[in-house]
Amino acid sequence: MLLDHLSAKLRTIEAQSLTRFLRQAESGTAPRQQVRGADGRTRELLMFCSNDYLGLAAEPALREALIEGAQIYGGGSGASPLISGHSRAHEQVAETLGRWLTPHIPEARALGFCTGYMANLAVVTALGDEEAEIFSEAWNHASLIDGTRLARAQVKRYAHGDVAALRELLAASTAKVKLIVSDAVFSMDGDLAPLPALLALAEEFDAWLIVDDAHGFGVLGEHGRGSLEHFGLRSERLILVGTLGKAAGLAGAFVVAHATVTQYLLQAARNYIFSTASPPAVEHALLSSFALIEGDLGKARRANLRQLQARLRVGVEGLLARHPALGWRLAPSDTPVQPLIVGGNAEVMALAARLEREGIRVPGIRPPTVPKGEARLRITLCATHSEADVDQLLSALNAAAADMDKVAA
Ligand SMILES: *Cc1c(COP(=O)(O)O)cnc(C)c1O
């Protein structure tokens, strides 16, 4: 009975072309990765789907730092941070992040988490208590949305990028504490939130601005400090959340905010208090990752990313001009997340499957992750892609577009 109930649900998912399944990686994340297919055979795919934007996950320096960290600290942390899980490496990571963000957030301090998902839940639930009202951007990441569902605060949603609508909601609010919550770089679209305008509203209405910089940290700003550096923002109202599993090439996450905020989270954030701290070896290696992000290698890779982005965009725009009947469009993005919006679920999955047969992995993203009718290939670039890699993707897309145009005609 119980199993039948789930099987029926699974059939509904399948009928909508929404079934998700796992692939098994047989090597580390890199532009070319060994991946095991449904047929059990392993082959090399050219990957345009990792969020390891700077290519740091494959850096020998990080591997060595992990080994060194394991030699110092061994395996896991053994307990939550407040019990005994907070190592010297955890402290050094927090110190570095606090220092990096101090130009943007006065008296900045950092708290570490195992994942960005957890960090978002922690901030939104701890600050979003009975006295608060949350103003949540419509395209926010699932973890922020889940945070608002768990929070005791009232929640108001505003349309994507709609600063005027947000202003009206703030003006109408009588809540003692107001929290504006937004992704900095929207994960399925690659566009940036209008953070300066959001911060101006936060100042005007005495609100906090929680910024999720999962896709900006390491990538944006001259020193890779993310969207606050990119926009040159500074305020004690800013609360920055970021993950260290994407451009930083490892794992973990952080909240950086004014010392009073982090002190409060340390007392009140259940996801921080009741969860085992990350492995100290990972934290030890994060220090090497930070040195790379900040140094010449990071600078060169950020410059390379921008060139690859431009090359991809010119190529895809040419394709779209040649095949307008397909109704595809390229999302306006100035980040390594470059979505090609195709439309239907079955259509995008067929396109992704075709690319994969040709040795290129670009995931199809379907509702509910994106709006209905806006299924897309979420192309992500990595600084260690070559121009030839991008050209290979472009020619595969061009061939697919030509064939699909023929079918349509
Ligand atoms: C990936 C992501 C997260 C979650 O970070 P993890 O460390 O992977 O849990 C949070 N927010 C956004 C916008 C993301 O893209």
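Glycine too: its Cβ is placed from the backbone N, Cα and C atoms.
In the record from TrEMBL, residues Gly116, Tyr117, Ser187, Thr243 bind pyridoxal 5'-phosphate; the candidate from His86, His90, His160, His215 listed for the same site is His215. Just so you know, of the recorded positions Arg20, His141, His215, Lys246, the Cβ with the fewest other Cβ atoms around it within 10 Å is the one at Arg20.
Look at the binding-site residues Ser187, Thr243, Thr369 and count other Cβ atoms within 10 Å of each Cβ; Thr369 has the fewest. With respect to their backbone Cα atoms, Ser187 (pyridoxal 5'-phosphate binding site) and Arg20 (substrate binding site) stand 18 Å from each other. In sequence order, Asn51, Asn120, His141, Ser143, Asp212, Ala214, Gly242, Gly245, Lys246, Ala253 are the same-chain residues whose CB sits within 8 A of the CB centroid of Gly116, Tyr117, Ser187, His215, Thr243, the residues recorded for pyridoxal 5'-phosphate being left out.
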